[in-house]
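Student: Pasting a structure below so you can have a look.
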Amino acid sequence: MMKHAWDNYKRYAWGLNELKPISKQGHSSNLFGNIQGATIVDALDTLYIMEMKEEFKEAKEWVEKNLDFNVNAEISVFEVNIRFVGGLLSAYYLSGEEVFRKKAVELGEKLLPAFNTPTGIPWALLNIKSGIGRNWPWASGGSSILAEFGTLHLEFVHLSHLSGNPVFAEKVMNIRKVLNRLDKPEGLYPNYLNPSSGQWGQHHVSIGGLGDSFYEYLLKAWLMSDKTDEEGKKMYYDAVQAIETHLIRKSSGGLTYIAEWKGGLLEHKMGHLTCFAGGMFALGADGAPNDKTGHHIELGAEIARTCHESYDRTSMKLGPEAFRFDGGVEAIATRQNEKYYILRPEVIETYMYMWRLTHDPKYRQWGWEAVEALEKHCRVDGGYSGIRDVYNNHESHDDVQQSFFLSETLKYLYLLFSEDDLLPFEHWVFNTEAHPLPVLHKDNGNKEENQK
């Protein structure tokens with residue numbers, strides 16, 4: 001599958017951000033401004049892990065010669081961080097090739113002006129030539145978004161580690177400081193925070209889009225620190241407690257789901273993006289307070305089952321973008337604009353974590369169902385495409401092969417069917433784009449400190 005996706009990207013869209021597999025041409029998302037090569041950088045570590053050595057070599061050569069950050073355009077700080085910075089860091093840690101470290105630090109430096117706000121909460125959008133930032137015009141009252149400014153921590157800690165420059169880690173630690181000062185409604189973190197006033201915007205809370213990876217990075221920051229980041233640990237387990245109390249519900253048919261909270265009212269809808277949380281709960285089970293380990297594993301298993309149902313209840317056996325639990329429906333999309341599947345990884349990601357942490361064979365079985373559905377409905381002559389309506393019997397393709405299909409979906413599938421010693425959890429933590437970053441073991445840390 002990786003070879004089909006990569007070869008077609010190379011044939012029809014080489015050097016551009018993404019592939020349009022039906023039209024057989026390049027696709028450029030405005031998330032990356034004028035930075036090119038998103039698929040190449042996102043796929044580097046997958047190629048390496050799958051031992052696709054020739055392909056990795058040509059990708060590395062492209063990065064050396066053509067990856068250019070001196071572009072006069074606005075980029076998404078979050079997307080460029082998780083895909084480009086994350087991809088380069090992983091490629092460096094896996095291969096030891098200096099070019100990846102150099103490019104990661106160079107790009108990290110270009111992102112620093114995003115933090116030039118009164119509170120240090122970064123802008124969502126940044127012109128990397130002028131250093132001028134702003135927020136998404138649709139975000140509540142000029143707010144920054146929790147999942148965007150909360151999903152820089154792992155990469156920026158590594159940028160400081162690799163460059164010897166503490167500024168990267170300081171920027172993300174300051175975000176924590178701002179969050180800790182604020183009152184949390186019912187212990188929950190709203191999705192919107194104004195970077196000028198330092199106050200919450202609308203009180204919307206989600207473990208799906210706009211919130212999701214903030215929670216993931218609290219847990220992973222603690223794990224990546226070799227369990228020394230006590231602040232990250234406390235913030236994570238406190239947040240999970242509030243999520244359990246206020247957002248996690250069980251449908252009349254017995255499916256556990258995570259609802260969205262809007263100013264105290266629940267919307268009984270769960271996004272595909274939210275399905276990552278099954279894997280997160282399971283990954284965090286080991287460190288859970290007062291004998292809650294089994295409970296967190298169980299919670300992960302329940303979320304995995306619900307998300308599997310969202311796949312199983314469609315014609316194509318691929319899950320919709322969002323599914324509901326109201327008006328008599330369970331785990332089904334009721335709105336046309338929520339019936340699409342864009343090659344997303346979150347459900348497969350949760351299967352991979354659940355497999356590694358429980359070895360229950362059903363997770364491999366569910367993963368294989370997804371493989372068969374992808375092959376049947378998403379594979380086309382020119383690559384892999386998303387689907388507009390997973391409940392339809394006839395494919396209507398969206399004609400985009402997302403870079404995260406190569407970075408995440410195929411990597412998590414490969415890991416699901418590999419031995420546990422390939423990128424073992426005790427040594428590696430995955431960023432939210434599935435880029436593995438090494439745990440900074442205490443002894444390495446001390447050696448580094450002594451050298452500084």
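Heads up, the Cβ atoms here are built off N, Cα and C, so glycines get one too.
Below, the features straight out of TrEMBL:
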type     : residues  : note
ACT_SITE : E79       : active site, proton donor
ACT_SITE : D212      : active site
ACT_SITE : E321      : active site, proton donor
ACT_SITE : E346      : active site
BINDING  : T432      : Ca(2+) binding site
DISULFID : C275-C307 : disulfide bond
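Could you tell me the structural context for the features on the list?
Tutor: Within the same chain, residues at least six positions away from E79 (active site, proton donor) with a Cβ under 8 Å of its Cβ are L31, F32.
Around D212 (active site), taking its Cβ as the centre, 25 other Cβ atoms fall within 10 Å, counting all chains.
E321 (active site, proton donor): 20 other CB atoms within 10 A of its CB, across all protein chains.
Taking Cβ-Cβ distances under 8 Å and a sequence separation of 6 or more, the neighbours of E346 (active site) in its chain are H272, L273, T274, C275, F276, C307.
Other Cβ atoms within 10 Å of the Cβ of T432 (Ca(2+) binding site), summed over all protein chains shown, number 25.
Cβ neighbours within 10 Å of C307 (disulfide bond), excluding its own Cβ and spanning all shown chains: 28.
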Student: If you measure D212 (active site) to T432 (Ca(2+) binding site) at Cα, how many Å is it?
Tutor: 10
Student: Round to the nearest Å and give the CA-to-CA distance linking E321 (active site, proton donor) with T432 (Ca(2+) binding site).
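Tutor: Rounded to a whole number, the Cα-Cα distance is 18 Å.
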Student: How many other Cβ atoms are found within 10 Å of the Cβ atom of C275 (disulfide bond), counting all protein chains shown?
Tutor: 30
